[in-house]
């Protein structure tokens, strides 16, 4: 009888829990809670056995992988090994967050992503003939928007060197008369004697020099114009020499200022005259002139 009492005490020691949806423990069609838990465990084991077993792996860009890199020194190698194992188990499956083709298996065929012409991969993938063509001095290919005349620069215009503009002579101009030395000396001697010749004198003088009257007349006209230019230049030189280097009010006086009245003015007299309100200031001037006079003038004393 003692064993029976022990057997009846075992079920009483099991803790009975309510089901998750509020059903009573004893309302399961006559099944006990222990049999229900055993059945669920068996079904879960069958489902897990049907699925392929995949080792838990960390994604290379997940938070756990990044945190593991800082915590453990060898975590990076384990993460890479786990990612390779996941790729081998999943076949063509790619890790989330990774760029296509970056971490794929080398023997797994994958469609390459089209690369731009200016990216590093595009430059490395370009064939040699394309590189040679780009470096060739031929005209480069332009995109349609560059071919638009609004955006394309204007064609460079070659500027021709400016032509030397020469003075155009008259078509019916007579050639210049080549005078000899004897003729030039005779013409100069005659010009010093008389600048204007009469018709008879010109005819006689031209016949003596074996020249025409027109040649003698033109030579005298040119010689008179030259003499006039020389005379004007000489007068300009004389004017420049007569002008003082500095203003005359500072260094010289061309006429005496202040007569006897200015000399006899008292020392305490006002500088402004009393004749009117608009009278200019009259400074007393000494009777002796300044010693620095104009150029060409000698020193003098006022008496």
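Placement of Cβ uses the backbone N, Cα and C atoms for every residue, glycine included.
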74-113, 194-233 - the range that Swiss-Prot marks as region 'Disordered': 74-113
Helix, strand and coil totals (DSSP H, G, I; E, B; other) for the DNA-binding region (172-231): 42 helix, 0 strand, 18 coil
